[in-house]
Amino acid sequence: MLKTKVGRRHLIDTDELTVEEMETLFGRAAYWRDHPEAWFQTGKGRFVANWFLEPSTRTRVSFEVAEKRLGMETIDLDGETSSTVKGESFYDTLRTLSAIGAEVVVVRHAGVGTLAEMAWENPGVSLVNAGEGNGGHPTQALLDLFTMQEHFRELKGLTVAIIGDIRHSRVARSNYWALKAFGARIILAGPESMRNPSLEENAPYLPVDEAIQQADVVMMLRVQLERHRETLFSSPDVYRHAYGLTPERLEAMQPHAVMMHPAPVNRGVEIADELVEHPRSKIFEQMANGVWIRMAVLERAIEGGRWR
Amino acid sequence: MLKTKVGRRHLIDTDELTVEEMETLFGRAAYWRDHPEAWFQTGKGRFVANWFLEPSTRTRVSFEVAEKRLGMETIDLDGETSSTVKGESFYDTLRTLSAIGAEVVVVRHAGVGTLAEMAWENPGVSLVNAGEGNGGHPTQALLDLFTMQEHFRELKGLTVAIIGDIRHSRVARSNYWALKAFGARIILAGPESMRNPSLEENAPYLPVDEAIQQADVVMMLRVQLERHRETLFSSPDVYRHAYGLTPERLEAMQPHAVMMHPAPVNRGVEIADELVEHPRSKIFEQMANGVWIRMAVLERAIEGGRWR
Amino acid sequence: MLKTKVGRRHLIDTDELTVEEMETLFGRAAYWRDHPEAWFQTGKGRFVANWFLEPSTRTRVSFEVAEKRLGMETIDLDGETSSTVKGESFYDTLRTLSAIGAEVVVVRHAGVGTLAEMAWENPGVSLVNAGEGNGGHPTQALLDLFTMQEHFRELKGLTVAIIGDIRHSRVARSNYWALKAFGARIILAGPESMRNPSLEENAPYLPVDEAIQQADVVMMLRVQLERHRETLFSSPDVYRHAYGLTPERLEAMQPHAVMMHPAPVNRGVEIADELVEHPRSKIFEQMANGVWIRMAVLERAIEGGRWR
């Protein structure tokens, strides 16, 4: 009587989702986008906790808008005031949130593998991965695929070039698994030092210009400036000319191809400043779609699939 | 279909408002104060983001109460967790907030002129200035004028003495423009080193005691203790005796005159401790009025003037 | 007309509550637990401010869930962005919150005695103590007693052993006053250096093993690791063997006795890791009960006893 009985539907990474499950999420995302009259009801009176141990305006706010549009009550555990400072364990915090009444916990943190481990421990809440170290970022991949599907209707057979810091990108990894599942063709490109051999078994590594010419979707990754500025390239200009999307490279794209980026963009580094809002850029459409995808993911987390 | 169509009604500073527009805002503020039964409806389901890059309990909380009393959904972007730490530009953050669904962004920051520039760039949200460096603080000026109008009925012809650190005060500046528009008479006073010559063309600079004796409204400004303690005066007592509102100066005010302060007060510096809650002090009434004024400003921001 | 007229019902510490008042709070806590259909109504449209000047995930989130389950509008004043950085006084912040429309302020801070002083100053809001330095933590004590009463039906005559850092524990103090009022028998135990003579007049200080064998309730306190690690014991293991709840000590408890802890637990220090979720542990039940107790306390704060 105290607790609503819910199925625990975690979302740890895209590799645990079937194509059918992802299709269902895309369908629900479109539903939420198209039916504002249905907002603010499904999650009424149900609590979700947002636990962002790493800074992230975009993803945190996107989740919060999604939660509130579902009518959920939100609780913030920011890094500063969380009792992690008292050494409390990850598990105990989740069990505490469950005891207090939260049904879902959205987590961003620097570790890798902790969320999968936690899901296994059965902490009494549905876990949603909002970006885990260099591991995965499944809602980003889902919103990327949703954006592609809305544009091209069909993901199967699409050629997607992922360009940039493949090695450190959780976005690359989560997109890789999801795109593979749908039968898309993936091409990788970027600096030699940022390659990820484990992804190259089923995805060719090509020179940037070749990748861009072949792609239906050019997905530029964010350069972790704070990490690479000194060691890997001498200036933003040098990176942009070697690996970034310049007006010349945009011209070389297939006429029907589009450009994407997980944002926030380093303007003038991985993408020339003037291309961010170019008609062929999907960047702000991706952001808008993020809210619908997260509504679908949260709905799944609290309902255990009520729409089945 | 995705986005409610709204007029973009920024509020950057008081010098862009006509007397008529300010009168309308005062009317709506009084309406919100007098009609609690109308609260929690107008902004239902609409998102406002609060982006305070400088600390401000009072203003932030006042805005938040106003937003919630309008029924709006609020999103907080605090300085710490915002992705400004990743170097994302002001503009991109606003565009992101717009893409995610925010219709209004309330901003406090240290820069000057950025908000006007942003409004020009058309970022897809209504901007509300909650205090911009040494620039402007329009909702503070509006609540000050609203408080004066409620007390004196008429702003035209009123003599307002603004006393203290004129040079660094955004409150002084925003009040100056608004009071001038209404035909009030402004007197300035304060330490020689804190004068602002650009405001003195239409406002005489007088000795403190003279200013206080002539005024209908004595508006004491906050001393930026953190900035001036060492350089400009040797102790709070020295400042208070020279430029602060002491019991003796209160006695010297006209019998009908009132005292105001934008708060937070440095008790014992610009105002003697025991005068803060004096019957002639409007300080806490100003705070209460701040909520009504901000409700009016936010209503204007989302409706583009639905009450016209 | 502007402000709802409310009785000011502070909760500063348990020693100001009668047994009858605590019984009423327990009754209301059970009511809120058992009647989810009554949630989200009582506090609708009424504002509570949470002012946590010390980190506390658990207590802050528990209050926030309680507030939202009552339907209240919540305002956060976190330490970082509060204008305490501008030197504003405690009193002025409370008066500001009152002027802005808050009816209740939930405070956690490091000082002792400030809240009682503030209540005396009549700041225009109901104060609820969420943990005050080494002083009191009344909602923790109330949820502890509620948990005991739910389990044993009767508090009178119960033997409660409080074990650990008695000297620095506000939990120990607040429990002491409340348990005494109900006629429970209190036993104290723990390191010699952590004794509190002022509590020992009416509560014997016993060796840990003896205390555990006599108790109906074994209440283990949290070790302030950050404070004592260096000075008072050489390692967590040493502390656990000397004063912690080990499997052997659990075996030595009376068959009907239960174990409690205010949390967060230092696993492996005051309690052996594997006992935290033992069937005889009440730890997560305490957390769940915290929400119901806080709903009762907040209801009292805004209604001044509407259920009388």
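Positions of Cβ are set from backbone N, Cα and C atoms, glycine also.
Within 10 Å of the C-beta atom of A:HIS137 (carbamoyl phosphate binding site) sit 27 other C-beta atoms, taking all shown protein chains into account. Marked as carbamoyl phosphate binding site by TrEMBL: A:ARG58, A:THR59, A:ARG108, A:HIS137, A:GLN140, A:ALA263, A:PRO264.
The annotation L-aspartate binding site is assigned in TrEMBL to A:LYS86, A:ARG170, A:ARG222. DSSP gives A:ARG222 (L-aspartate binding site) a coil state; it is part of no helix or strand. Over all protein chains present, the Cβ of A:ARG222 (L-aspartate binding site) has 20 other Cβ atoms lying within 10 Å.
Taken from TrEMBL, the feature domain 'Aspartate/ornithine carbamoyltransferase carbamoyl-P binding' covers A:9-150.
TrEMBL lists A:156-299 with the feature domain 'Aspartate/ornithine carbamoyltransferase Asp/Orn-binding'.
A 10 Å radius around the C-alpha of A:ARG170 (L-aspartate binding site) takes in these binding-site residues out of A:HIS137, A:ALA263, A:PRO264, in sequence order: A:HIS137. A distance below 8 A between C-beta atoms marks A:ALA263, A:PRO264 as the binding-site residues from A:THR59, A:ARG108, A:ALA263, A:PRO264 lying next to chain B.
The Cβ centroid of A:ARG58, A:THR59, A:ARG108, A:HIS137, A:GLN140, A:ALA263, A:PRO264 marks the carbamoyl phosphate site; residues of that chain outside this set whose Cβ lies within 8 Å of it are A:SER56, A:SER62, A:ALA130, A:GLY131, A:PRO262, given in sequence order.
As a summary of secondary structure, the domain 'Aspartate/ornithine carbamoyltransferase Asp/Orn-binding' (A:156-299) carries 64 helix, 22 strand, 58 coil according to DSSP. A mean pLDDT of 91 is what the model gives for the domain 'Aspartate/ornithine carbamoyltransferase carbamoyl-P binding' (A:9-150). Reduced to three states, the DSSP call for A:GLN140 (carbamoyl phosphate binding site) is helix. Secondary structure counts, DSSP: the domain 'Aspartate/ornithine carbamoyltransferase carbamoyl-P binding' (A:9-150) has 71 helix, 28 strand, 43 coil. Maximum C-alpha to C-alpha distance over the listed carbamoyl phosphate-binding residues A:ARG58, A:THR59, A:ARG108, A:HIS137, A:GLN140, A:ALA263, A:PRO264 is 16 Å. Among the binding-site residues A:ARG58, A:ARG108, A:HIS137, A:GLN140, A:ALA263, A:PRO264, the ones whose Cα sits within 10 Å of the Cα of A:ARG222 (L-aspartate binding site) are A:ALA263, A:PRO264.
Neighbour density for A:GLN140 (carbamoyl phosphate binding site): within 10 A of its CB lie 25 other CB atoms from the protein chains shown.
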